Each structure stands twice: as structure tokens, then as C-alpha cells.
Amino acid sequence: MNAFVIAALLLVLLTISYQVGWSRSRRLAGASSERLHSRPIYHGVLVALFALLPAIVVLGLWALFSGSVSRAFILAQLPPETAQLSQVQLQAAIGRVQAIATGFGVAGEPAPEEVAAARAFETFQLVSFLAVIGAAAALGAGALFLAQRRIGLRLRARTEVEIAVRIGLIACSTVAILTTIGIVLSLLADALRFFSFINPLEFFFGTTWNPRFQSTGTGSAGEYGLLPLLWGTVMISLIAMLVAVPIGLMSAIYLSQYAHERVRNVVKPIIEVLAGIPTIVYGFFALVTVGPFLAGVGDAVGLDINATSALTAGVVMGIMIIPFISSLSDDIIAQVPRAMRDGSLGLGATQSETIRRVLLPAALPGIVGAILLAVSRAIGETMIVVLAAGNSPVLRFNPAEPTSTVTVSIVNQLTGDADFTSPQSLVAFALGLTLFVMTLLLNVLALYIVRKFREQYE
Amino acid sequence: MSDTLLSNADHGAANRERVRKSLARRHRSETMFRWAGILSIAAALGFVAILFGMIISKGLPSFWQSTVHVEVYFDPELIEGGPQPQRQDSASDADHRAAMVQWQRDVTLSNWNAIVDTALRTSAPDFEIETRDLLELVTSAARFQLRDRYFADPDVLGQTVPVTILASANTDNWLKGTIDRSQPDSRQQLSASTRQLADELLAEGVISFDFAWHIFTNVDSRSAPASAGLAGAFMGSLYMMLIVIVLAVPIGVASAVYLEEFAPKNRWTDLIEVNINNLAAVPSIVFGLLGAAVFINYLGLPRSAPLVGGLVLTLMTLPTIIIATRSSLRAVPPSLRQAALGLGASRNQTVFHHVLPLTFPGILTATIIGVAQALGETAPLLLIGMSAFIANIPANPLDSATALPVQIYLWQGNENRNFFEARTSAAIMVLLGMMILLNAIAIFLRTRLERRK
């Protein structure tokens with residue numbers, strides 16, 4: 001009902017103001033021999049903008065504060081000892097009054113003071129609603145009156161509307177900045193709170209990760225050494241690169257230099273399918289298929305390989321990254337000038353010699369940039385390692401054993417009913433900050449290399 | 001080459017031999033290089049094939065689930081609470097609801113297990129079996145199913161009605177053979193008599209493998225794994241995708257338009273540009289941290305709500321849409337802008353009337369691809385509590401909910417591995433199916449709309 005009235009009010013205001021602006025400007029144009037600066041549409045839109053803004057501001061403020069105001073009003077109506085009740089009982093008492101006021105009623109006979117409060121609340125609601133609607137309508141109408149008086153032959157209505165549009169566009173593009181600021185501030189603030197519990201040196205150089213769970217309270221906090229997690233992250237990323245770089249690079253070379261156009265058109269999209277698969281699917285794949293397979297292979301050759309290990313996670317992450325490497329290197333190889341290739345072939349080099357001795361060295365910086373981008377993606381990857389790395393945050397160097405990573409620990413520390421005051425959950429933000437800085441540096445470096453390389457041939 | 005060598009008599013045979021050898025070596029390495037390329041491509045394609053093959057082969061069987069078809073007698077002696085209370089004229093809404101709640105409580109407290117028991121016994125009258133073992137045959141949700149059937153239609157009291165009940169997850173494992181049948185009794189999840197009865201009923205046709213529609217219509221369930229479905233997660237994902245589309249597309253397109261068409265080239269816009277490129281590369285889990293710190297902790301929005309998930313995914317998708325929109329704006333020929341400006345259009349008119357309409361196909365495909373990415377994202381949702389167990393279909397974006405990929409995460413961790421490995425693969429098939437559908441729509445729209453231009 002309320003929403004309907006508000007929508008109707010805004011709609012009526014919109015229609016009337018647009019109509020007023022439009023028709024007044026048209027009349028003006030008809031009556032005068034001079035031409036209007038802007039077309040009537042813009043006058044209409046401008047008047048509508050002027051009329052709607054104050055009404056929306058009033059309604060918005062009401063939406064923000066009406067809840068707490070009506071609670072305070074009901075509380076004032078109830079006998080004074082109600083205020084002594086606990087938070088939950090207070091909530092229930094207020095809820096009962098609201099239920100009676102809406103006519104839904106409460107089970108059983110309501111107490112007389114409740115009925116009285118409910119009657120008073122009903123009146124209050126009606127009055128406040130009428131007041132707000134009235135204020136919004138009056139302000140809107142006032143603004144409408146003022147705006148339509150501005151209409152004249154010289155009014156630059158279009159320019160003003162365009163400025164409003166421009167302001168809207170600018171507001172939208174600041175969202176990206178606000179997001180970054182939000183990320184940095186929230187990570188930094190909570191990480192600093194974490195560092196007030198734990199010495200940063202201990203965090204960055206500690207070799208034991210044992211954050212004891214928080215049911216023990218905020219007392220002694222456990223050990224938060226980052227190094228085991230960092231090493232796990234690096235090891236898994238290394239394995240992923242060992243899988244992805246050769247396969248990705250060779251596929252890119254073959255597809256761009258050797259393969260028939262038709263083969264390329266079929267194979268390339270199929271490989272790119274790998275990039276679109278959600279990482280949770282890769283995690284499940286690693287857990288159910290790759291892990292047991294690797295363990296079986298290990299058994300067959302006499303090696304002790306765990307089903308959930310750095311190796312499993314790394315191999316599957318490598319598979320995920322193949323299309324990333326192949327499409328980036330494909331682009332970069334394609335940018336090497338044709339003349340260099342043709343020159344090498346013309347001197348009698350075979351195709352593979354041309355690729356290895358001419359194309360690859362020329363494309364090398366770009367490929368390195370692409371690999372760095374892939375590394376930053378591997379470092380930030382979460383679901384595969386959550387499922388397949390075994391979650392064992394111990395510093396060890398055998399890739400066939402379980403390990404843990406920065407991202408896994410963030411998930412572990414923040415899932416469940418964490419309160420945001422204990423070091424056990426705050427450490428997630430310190431880890432997040434580390435991750436953010438690492439990937440940021442890698443990305444900036446990679447983009448710098450790729451861009452620098454591009455300039456060489458332009 | 002060999003002709004010139006031949007003419008040079010001095011070097012003769014030795015040289016020829018040397019060149020032939022080196023040529024052979026070079027050709028060998030050429031072949032090997034080529035084969036390395038072919039093998040890499042084969043490996044990549046092989047991974048795709050194995051991945052899809054494994055998921056389909058594991059997931060398909062779980063779409064057909066063993067179902068028991070029985071005649072249920074709604075016994076008036078067992079169902080308590082009497083007839084459904086009628087609305088009294090004098091009663092307020094609250095009083096009427098209290099009476100209904102009381103009645104529903106009485107009905108719920110009736111011995112529904114006994115009704116299930118009787119129904120199962122009538123379909124196998126000669127079989128000697130204890131009640132406890134008999135009830136193991138069907139899902140523990142059976143009694144709620146019958147109760148809900150009664151709530152929906154209290155007139156069935158005293159009648160016999162055909163009902164299909166899901167077999168329990170353990171029965172399903174046994175009948176499908178996903179559990180080793182040769183294991184001794186002590187290692188089996190079902191008693192010997194239940195297993196025998198299950199086999200017998202399957203042979204008689206009382207139990208059959210029916211298409212498991214409930215995967216799409218039920219919500220997740222902890223006590224009755226056989227009836228667990230995806231509906232709740234699906235609705236959660238749907239709400240989030242709606243929020244992403246409603247917020248990310250207008251904001252993304254607007255900022256792309258501003259940056260590409262209006263923004264002066266100065267330090268500020270450079271900053272925004274670098275920012276957007278960086279945001280596109282920030283690990284997704286960091287967005288989850290942002291959501292936990294800002295939306296939940298600071299702004300006090302509810303945990304586990306699709307609204308928060310949607311906001312987080314919006315921020316993640318925004319860079320994708322901005323970058324794609326900018327590149328399609330860049331692809332619009334400048335002559336078009338100059339023509340519009342030359343005819344006296346303002347810059348706003350040029351952009352909104354002439355340039356932007358040409359980029360709609362690009363924006364549309366970018367949107368769909370962004371949404372598909374957001375649909376599969378899991379990690380940030382774990383941090384804002386969307387991995388909680390939710391047994392309701394969320395009615396609005398502020399209700400607790402989970403999402404499709406998070407449901408996959410929850411199911412893969414279920415203890416009943418024999419049953420849930422298949423169910424997880426089935427959920428993955430649903431998710432991948434939706435993503436393939438989205439991508440197909442994107443490709444279709446791109447080819448269709450671009451041709452018309």
C-alpha cells in the first residue's frame with residue numbers, strides 16, 4: 001500500500017513535471033519568432049529532474065530512519081518498566097504492538113496497554129506517513145514551480161540535462177576506484193588490527209602455522225607463521241607452470257604456425273573451454289580422478305604419492321591455466337613481424353628453426369609477461385587447492401605430500417561463525433593483504449613487460 | 001642445393017655426406033618439434049575429454065534414482081489432530097493461525113512411520129522383516145512427504161492413495177551397485193533382510209529407476225540425502241545473477257562510456273584505467289574478504305544472503321564488462337562520431353544516439369560472459385557465509401541461501417561418498433549445462449546481431 005502510494009506519487013510528479021516543461025516550452029516557441037535553444041523534450045526532462053530530486057531525497061531519508069523512529073515511538077507508549085527488558089524481550093514486545101496495529105492480532109487476549117499503544121502507533125504511522133508524503137509532494141511541487149519558471153527561450157536545457165547525465169556517468173566510473181579503495185582499506189584496517197595482536201615479524205618469518213581454533217577465546221592466540229603457506233603456494237604454482245607452460249606454449253606454436261586453418265578453428269575454442277570451467281569443478285576433478293590416478297601411478301613405480309597433495313593440485317591447476325598461456329602467447333607470437341619469419345625461412349632455415357631461433361627470442365619478453373600473469377592467477381586460485389592440496393600447513397619440500405596455501409588458510413579462517421575481533425579470523429585479512437600485494441606486483445610487472453614489448457614493433 | 005655442391009668437385013663426397021647428415025638431423029628435429037606440438041594439443045584436448053567424460057559418466061546415473069511405488073492408507077486411527085480447524089467469525093487472524101499451528105503440530109506428531117511401515121508391508125505381504133530395517137529401505141523424508149500430502153489435502157483421511165516414495169540413499173547405492181555387494185554384513189550400510197527386500201521389490205517392479213525430478217525441485221537435505229536437490233541453490237544463484245545484471249551492466253556501461261567518450265586524458269582518468277585493469281586481475285577470494293569486511297561487518301547486511309553475494313560478484317564482474325564495452329566502443333569508426341558532430345549533434349547525442357547502439361552486441365556478449373563467470377565463482381561466497389546449510393528456498397534476496405557452485409562444494413564434502421560423488425557430478429552437469437547455454441546464447445547473439453549491422 002505504502003509502496004504503491006509512493007510509486008504513484010513519483011509517477012504523477014514525473015508525468016506532470018515532464019508535461020509542464022514540454023508544453024510550456026512548446027507554447028513559448030510557438031508564441032515567439034525566436035527559436036528555443038533546446039528542444040521541448042529537454043525542457044521536460046530538466047523540469048522532471050528538478051521536481052523529482054527533492055521528493056526522492058525526502059523519501060530516502062524517511063526510508064533510512066522510519067524504522068528506528070517508530071520503535072522509539074512504541075517504546076514511549078509502553079509502560080516505563082518495559083525499557084528495562086532484555087533486548088530480545090523488548091523486540092518481542094514491540095513486535096506484539098506492531099502485530100495488533102496491523103490488524104493481524106496476537107494469539108490470546110492482548111493486554112490493555114498494548115492495545116492503547118497499538119492505537120497510538122496506528123495514528124502515529126498514519127500521521128507520519130501523510131506528513132512525509134505531503135512533504136515530498138509539496139517539495140516536489142515547489143521545485144516543479146520554480147523549475148518551470150526558468151523555462152525561457154534562452155534556457156540551455158539540453159546543456160543542463162547533459163551535465164546531469166555526465167555527472168551520473170562519472171559517478172558510475174568512480175565505483176571501480178571505490179572498490180579498490182574498499183579492498184585496500186578493509187584489508188589494511190583488519191590486518192593492522194591483527195598485527196596489534198601478533199608481531200608482524202613473527203607473521204612474515206614464522207615457520208609454524210597453527211592458529212588454534214577460537215572456541216578457546218581471545219586469549220593466547222596460537223602461531224601464525226606465513227612461510228609454510230607461502231611455500232605451499234609457490235610450490236603449487238611452480239608445478240602448475242611446469243604443466244601449463246610447455247603444453248600451452250607448444251599448442252600456441254602449433255596452432256599458429258603449423259595447423260591448417262580449419263583445424264585451428266575447431267581446436268582453439270575447445271581448448272578455451274578449459275578457461276570457462278568453474279574452478280570448483282576442477283577441484284572435484286582433482287579430488288576424484290587425478291588424485292587417485294597419481295597415487296596409483298606412484299604405487300606402480302614405487303613412489304609414495306598422496307591423493308591430495310601439492311602435486312595433484314598443481315597438475316590440475318596447470319590444466320586450468322593452459323588456455324590462458326596458449327591464447328596470450330598466440331597473440332604475442334602473431335605480433336612478431338612477418339618479415340622476420342620470412343627472412344629466416346628464405347635463408348633456408350626449417351620451420352622449427354625459425355620458430356626456435358627467430359620467433360621465440362623475439363617474442364620472449366611478451367611470453368614471460370604472459371607467464372607472470374598466469375602465475376598471479378595460480379597464486380590467487382582457491383577452490384582447487386581447498387579441495388585437492390590436502391590442507392596440511394607444514395613446511396616441507398616433497399610435492400607428493402599434502403600442503404596448504406595462503407588462499408586455503410583464508411577460507412579456513414573465515415568460514416564458520418567467525419567474530420571479527422579475534423586474531424583467528426583477523427589473520428585472514430593479513431593473508432589477504434599479502435596475497436593482494438603479491439598478485440598486484442606480479443600483474444604490474446607482467447603488464448609492464450607486455451606493454452614494453454609491444455612498443456618495439458609499433 | 002645439392003646441385004651447387006655437385007659442381008664443386010673439390011669438396012665432393014665428403015661435403016655432400018656432411019650436408020646430408022646435418023639435413024637429416026635438422027629434419028628429424030623438425031619432425032620432433034612438430035610432434036611436440038601435436039602432442040601438446042592432444043594433451044589439452046585429452047584433458048577436456050577426460051574432464052567431461054568423467055563428470056558425465058559419474059553424474060548421469062544419479063539422474064535416475066530408485067523409487068518405491070506403494071499404496072498408502074491414511075489411517076484415521078494413527079493420524080491425530082482431527083479435522084482441519086475451520087475459521088471462526090470472531091477469531092482474529094492470529095487466533096486462527098494459532099489454531100492451525102496447533103492442528104499441524106498434532107498431525108506432525110502422529111506416528112507417520114507406522115503409516116510408511118504399513119504401506120511398505122502391503123507391497124511385500126509375505127516378507128518377514130523388522131520395522132527398523134523396513135524403514136531403512138526408503139528415505140527418512142518419506143514421513144514428511146506423507147504428512148505434507150495430508151496437509152495439502154486433508155480429505156484423503158481414511159482413503160488409500162498411490163504414492164511414490166524415494167528409496168533411501170543406501171538402498172539406491174545397493175541397487176545401482178555403487179557399493180561393493182560382496183562385502184560382509186558388518187561392512188554393509190543396510191541389514192541383510194533390507195537388501196534382500198530391495199532386490200525382491202526391484203524384481204517385482206515395486207521399486208523402479210525413475211527420472212529424479214526432485215534434484216531440480218527439492219532443496220538440500222541433511223537427514224534424507226536421497227531427496228537432496230538443487231532448487232534452493234538454484235534460486236540463490238538466480239537472485240545473485242539478477243543482482244549482477246541489474247547493477248553491473250548499467251554501471252559498467254556507464255563508466256566505459258565515460259572513460260572512452262568523455263573523459264579528458266589526465267592523471268585521474270589514467271588512475272581509473274589502471275585501477276580497472278588491476279581489479280580485473282585481483283584474485284576472487286580478495287573480493288570475498290571485501291564482502292566480509294565491508295558488507296557484512298561494517299554495513300551489517302545479513303550473512304549468507306544472495307544480496308551480499310550479488311554485490312560481491314557485481315564488483316568482480318564490473319571490470320570485465322567495462323573492458324569489453326570499451327573495446328567495442330573503440331571499434332566504432334571515428335567517422336561516425338565526426339559525422340554526427342558535424343551535423344550539429346552534441347557529444348551526448350552522438351554517443352547515446354549513434355555510437356552506443358552499435359555496441360549493443362558487444363555489450364550483450366560481454367554481459368553474458370561476465371554473468372557466466374560469476375555463476376561459477378565459489379571462493380568469495382564461502383567467505384560471506386553462503387556455505388551454510390540452508391533447507392529452504394530463499395523467498396527474497398535477503399533470505400539465507402546458497403549457490404550452485406557452493407552446493408557442489410558442500411556435496412563433495414558429504415560423508416556418504418558412494419551416493420554423493422554421483423550427486424555432485426550431477427550438480428556439476430547442471431552448472432556446466434547452464435554455462436554452456438549462456439555461452440551459446442552469447443555466441444548466437446554475437447553472430448546474429450553483428451551480421452545485421
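Cβ atoms are placed via backbone N, Cα and C, with glycine included.
If you check TrEMBL, you get these features:
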- A:41-65: transmembrane segment (TRANSMEM)
- A:126-147: transmembrane segment (TRANSMEM)
- A:167-189: transmembrane segment (TRANSMEM)
- A:229-253: transmembrane segment (TRANSMEM)
- A:230-446: domain 'ABC transmembrane type-1' (DOMAIN)
- A:273-295: transmembrane segment (TRANSMEM)
- A:307-328: transmembrane segment (TRANSMEM)
- A:358-379: transmembrane segment (TRANSMEM)
- A:426-450: transmembrane segment (TRANSMEM)
Result, the transmembrane segment (A:229-253) in contact with the transmembrane segment (A:358-379) (3+ CB pairs under 8 Å): yes
Stretch-level contact, the transmembrane segment (A:126-147) and the transmembrane segment (A:167-189), CB cutoff 8 A, at least 3 pairs: no
Stretch with greatest number of CB pairs under 8 Å, the transmembrane segment (A:167-189) reference, A:41-65, A:229-253, A:273-295, A:307-328, A:426-450 candidates: A:426-450
Stretch of maximal Cβ-Cβ contact with the transmembrane segment (A:229-253) [cut-off: under 8 Å; candidates A:41-65, A:273-295, A:307-328]: A:307-328
Long-range environment of the transmembrane segment (A:41-65) - Cβ separation under 8 angstroms, sequence gap at least 6: 6, 9-10, 13-14, 16-22, 24-25, 132, 135-137, 139-144, 146-148, 151, 155, 157-158, 160-161, 164
